[in-house]
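> I have a structure here, written as structure tokens, and I will follow up with some questions on it.
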Amino acid sequence: MKILAIESSCDEFSLSIIDNGKILTNVISSQIDQHKEFGGVVPELAARLHLQNMYWVIKQAIAESQINTDEIDYIVYTAKPGLIGSLIVGKVVAETIALYLDKPIIGLDHIEGHIFGAAIDHEFIYPVLAMVVSGGHTQIEIVHSPSQFEIVGATNDDAIGECYDKVARVLGLDYPGGPIIDKLAQQGNSQTYQLPVPKDDISYDFSYSGLKTAAINLIHNLNQKSEPIILVDFAASFQLAAVTAIEHKLERAIQNYNPKTLTAAGGVSANSQIQKVILELGQKYNINNTFVPKSEYCTDNAAMMAKLAYEKFK
Ligand code: KG4
Ligand code: ZN
């Protein structure tokens, strides 16, 4: 079974072709450099850049796959959630290819795709407990099958990735700030600055707006007092607060849902501390099937959408 997938929900335009679950190609065009100067993704610019990038992405991916396009069985694309202009470009491209090749087409969910990004190099044994952490989402999901997703907790306001990126911006760091804070944090002392663990209660829900505000206020206060901020220590203290919330809620979810697979998904799952927490909890609760996605499948890519489709069709 050969599947062609398109992912364009935010600032990446990506096309992947897989053959019985094996990745033949996964071409991703990134727009990070163009959005950097604005400190975040500008929705209209993202859609316009997709229009520029789609031609070479499609050409390169089809050439790389070394297949004849007539062999493709299904076309899939990210239908939701995402930036509307970006989503429209992907849908139109996918429908055009489907019409031209006369193949069936299906729209899929981006978050479900992120979760199956973790299944590209590993086998899922159900139920799967997935910690979804991205620029737009923070949620704990129990996956009962490729078509049955149960959201047991989600963020009430900001997502963890957004919180990382905003705090990084106020610290004067580049966009996206998440990976930069993560790198700095690994060299810092997490006890130097006091930041609150967000929504550290018995629910499975998250709230990152409080931590974001607390971190930004602390930066402003230190600046006002002309106290130099030790960047590595600030990053480590911030990361400790941000990831402790995940650790506490995840541990309770494991105790309650007894998953057979433990994993993480989404752009922020590339975070070193989150990966450490996942692997440690897997060991503590004897979940042998514990893993994190390869970094190329953490951020937005079409291979994860193709893999989701393959598991659903199977
Ligand atoms: O899943 P993704 O590519 O796009 C969305 O669907 O949101 O996630 C992007 C997010 C950004 O906020 C970025 O800063 C964050 O993932 N990110 C990280 C790390 N790598 C990427 N955040 C923390 N630590 C990282 N190592
Ligand atoms: Zn994403």
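Each residue, glycine too, has its Cβ placed from N, Cα and C.
OK, TrEMBL features for this one:
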- 22-306: domain 'Gcp-like' (DOMAIN)
- His110, His114, Asp300: Fe cation binding site (BINDING)
- Val132, Val133, Ser134, Gly135, Gly136, Asp165, Gly178, Asp182, Asn271: substrate binding site (BINDING)
> Gly136, Gly178: which of these binding-site residues has the highest Cβ count within 10 Å of its own Cβ?
Gly178
> Which binding-site residues from the list Val132, Gly136, Gly178, Asn271 come close to ligand 2, meaning a Cβ under 6 Å from one of its atoms?
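If the test is a Cβ under 6 Å from any atom of ligand 2, the answer is none.
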> Which has the fewest other Cβ atoms within 10 Å: Ser134, Asn271, the binding-site residues listed?
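Each of the binding-site residues Ser134, Asn271 was scored; lowest Cβ tally within 10 Å is Ser134.
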> Could you tell me the C-alpha distance between Ser134 (substrate binding site) and Asp300 (Fe cation binding site) in angstrom, no decimals?
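Roughly 9 Å, rounded to the nearest whole number.
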> Please name which of the binding-site residues listed here, His110, His114, Asp300, is nearest in space to Gly178 (substrate binding site), Cα against Cα.
Asp300
> What is the maximum Cα to Cα distance, in Å and rounded to a whole number, among the residues Val132, Val133, Ser134, Gly135, Gly136, Asp165, Gly178, Asp182, Asn271 annotated as binding substrate?
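About 18 Å separates the two most distant Cα atoms.
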> Work out how many Å separate Asn271 (substrate binding site) and His114 (Fe cation binding site) at their Cα atoms, rounded off.
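Just about 15 Å between their Cα atoms.
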> Which binding-site residues from the set Val132, Ser134, Gly136, Gly178, Asp300 have a C-beta atom lying less than 6 Å away from ligand 1?
Ser134, Gly136, Gly178, Asp300
> Sorted by position, what residues of the same chain at least six away from His110 (Fe cation binding site) have a C-beta under 8 A from it?
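His110 (Fe cation binding site) has long-range Cβ partners Glu7, Ser9, Thr78, Lys80, Pro81, Gly82, Asp300, Met305.
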> What are the other residues, in sequence order, whose C-beta lies within 8 angstroms of the center of the C-beta atoms of His110, His114, Asp300 at the Fe cation site?
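Surrounding the site, in chain order, are Glu7, Ser9, Cys10, Thr78, Ile111, Gly113, Gly117, Ser134, Gly266, Asn301, Met304, Met305.
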> I'm trying to understand the geometry here, so how far is the Cα atom of His114 (Fe cation binding site) from the Cα atom of Val132 (substrate binding site), in Å to the nearest whole number?
8
> For the binding-site residues His114, Val132, Asp300, which one has its C-beta crowded by the most other C-beta atoms within 10 angstroms?
His114
